[in-house]
Amino acid sequence: MSVKKIWFSFLLIGLLAVAVVASGCIGGETTTTTTTTTQIQEQITLKVIGPWSGAEFDAFREVIKAFEAEHPNIKIEYKTYRAEDLSTILPLQFESGDTPADIIFMWGWFIADMAKKGHVMELNEVINPDEYVPGILDTTTVDGKIYGAPFTAAAKPGFWYRKSFFEKHGLKPPETWDEFVALLEQIKQIPGIKAPIVSGDSVGWPISDVTEHFILTFGGAELQQKLINGEVKWQDPQVRSIFEERLVPLLNAGYFSDPIEWTSAVDLWWKGDYALYFMGTWLTGMVEDPTDLGLISLPGVKAMVLAPDYFMVPKYTTHPTEALELAKFLATEGQRIHVGTSSGKLATWKEVTIDDYWEPMKDVAKIVTNVESAPDLDDSVGGEWQKTFWDQLKLLWVQPDRLDDVLKTLDEKFPKE
Amino acid sequence: MKRPKSLVSLFFLLPALILMVPFVIYPVFKTIYLSFFFGDEFVGLENYKNVLLSSDIVNLERFPTNSPPWGALVHNVVWIVIHLPVTVFLGLGIALLLRKKEVKGSSIVKSIVFLGMVIPMIVGGLIIRFLFEEGAGVVPAIFKALGIERLAITWTAYPQTALFAAILGSIWIWTGFSMLMYSAGLASIPRDYYEAALIDGASRFQIFKNVTWPLLKPITIVIVAMTLLWDLKIFDIVYVATGGGPGGASMVLALQMWDYFARALNYNYAAVVAVLLTTLTIIPALWLIRRRE
């Protein structure tokens, strides 16, 4: 080997050594950089399924935005599914160990049912029951363990009217039952009025809300709870008397319209074909001018239905930690944000104050907080009976003389457990 | 060497058979299997007894003197009794009226009649719902104009009318099929037959009775069988238009099956109704196959 070649070899070895040392130094930096990049790339997408679309989703979107702002590494993907559709999809998916989303809004009774089958994560570490409206967690608690968290709730506080309509016709909200009936008669005489009260319909739930308001007014929350538990029959004299003496006479007198698709009913009521409309608080977000809204609860009302939107975290979520983080947010601060929008919803988390509410909902929130809250009857029983309840009430609405058949059917179809 | 013919046939049938086993044959047998269980417990025919004796399926206490509900099975039968002859003869009538090319606008009328067939059934159900709604629909408006106040109501809200609203709506949807089939059938009858009959001095009625109707028999069999199947499996328009109510007054078997499955989460009862429905549908299907042979 020549001297030149030896020197050239040394030069190459030297360059190689320098390169190795240099790469080691740079390598240290590279490692750091890689770590940083990995942290940024740890983006997680959580899927949420809820019932809202349109304006209702716009209100919920504010909640999503707030969570995403607090958690830059989590992105929320939202899909709209009705509970009716989910009830057919979820049992099969859960049985196969899969879930279509990480957080799913669903009926309380359904969540409890799925929890009993071992498909839902416990939320005891996320939810502090003391911070919620009393009894709100009963529906989704199984053997002392909480499986469904409440989000905001709709209240079914009474009959809505337009203040401008009442002023125009010299009508006054009633203080007693007799005044209420007299008001209906007075409204019936107004030219152009088709019926004093418009009856909302779709699958049947608006009519069930009216009925529950009568039960809560004349029987109280205790009776409602006993009906839910199956401890009191529908043919029980106390229940029958509410129908016979209060509801059926109003139906017979033609104070309620035939069932009309509930969103169409909003328009007809707003334009003055009808004067009163029994609907949940979300109605405030559906009318042109919520400041024109007045509310009449049945005189002497003892309790009101507070129907929360419950959600669960299926066991099959691929991001349990983040899903629980979102669950906690929805059950707490998310509620504060949601009631501040035009959602027309009420908080079930007691930390939310009246000041947090959207302006038109503040008065409603005050009314609701002053009465006892009760669970939604048909949502609590659920299953086939829920549909039967809706359907039988639709029948009663057009044929009040079939009361005996209706009450008998409700007893016969009630879950036997 | 020739391959046996049956083996060649089997080879070509194989892809279809491979797909049918998991997607058709297995679910059919699994459904039958489920119908004999309650939860995980084998109960024999108990589910069949409970379902068939339930007033959901047959409620003869009210039939026929009182208004529905008469039970889902009875409602399906009523559906067949009204819907089948009306669609068959209405379709035939329209096809006969519009068969001549010289009838101006016949293709437009045919398209309108056929419109019911091409719209999604969910939309059809919604249209039916609004057609019969007081204040919005044309049907109550007509009766109001005629001074028949008893029928100037929201038909889908009343048990006396809900089932019939759904059936009448279904007639509108299904007549397009009958009309189209008869139009095709009429076009295939050679004109010579009519000319010969006219030369023989046959009247219009005689021509219809002795030429047209017999030659339309194969078409009629197809229409009757298909309509029977439609009437038995009817679901979507009832689901949307009335939801089976009020008080179960317009409930049909397919919707009852859905209720057991999706509402009560009682898969065993749903399986019983599915088996019953399948058995009932097989009858017209077999009849059709035999008549065509």
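Every residue, even glycine, has its Cβ placed from backbone N, Cα and C.
Per TrEMBL, the features are as follows:
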{"type": "TRANSMEM", "residues": "B:7-29", "note": "transmembrane segment"}
{"type": "DOMAIN", "residues": "B:73-288", "note": "domain 'ABC transmembrane type-1'"}
{"type": "TRANSMEM", "residues": "B:77-99", "note": "transmembrane segment"}
{"type": "TRANSMEM", "residues": "B:111-132", "note": "transmembrane segment"}
{"type": "TRANSMEM", "residues": "B:162-184", "note": "transmembrane segment"}
{"type": "TRANSMEM", "residues": "B:211-230", "note": "transmembrane segment"}
{"type": "TRANSMEM", "residues": "B:269-289", "note": "transmembrane segment"}
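Sequence-distant contacts of the transmembrane segment (B:7-29), counting only residues of its own chain at least 6 positions beyond either end whose CB sits under 8 Å from a CB of the stretch, comprise 278. Of the Cβ pairs linking the transmembrane segment (B:77-99) with the transmembrane segment (B:162-184) and spaced 6 or more residues apart, 3 or more are under 8 Å, so the two regions touch. Within the chain, the transmembrane segment (B:162-184) has long-range Cβ neighbours (under 8 A, six or more residues past its boundaries) at 68, 75, 78-79, 82-83, 86-88, 90-92, 94-96, 98-99, 110, 113-119, 121, 124-125, 127-128, 131-132, 139, 155-156, 216, 219, 222-223, 226-227, 230-231, 234, 237-238, 241-242, 245-246, 249-250.
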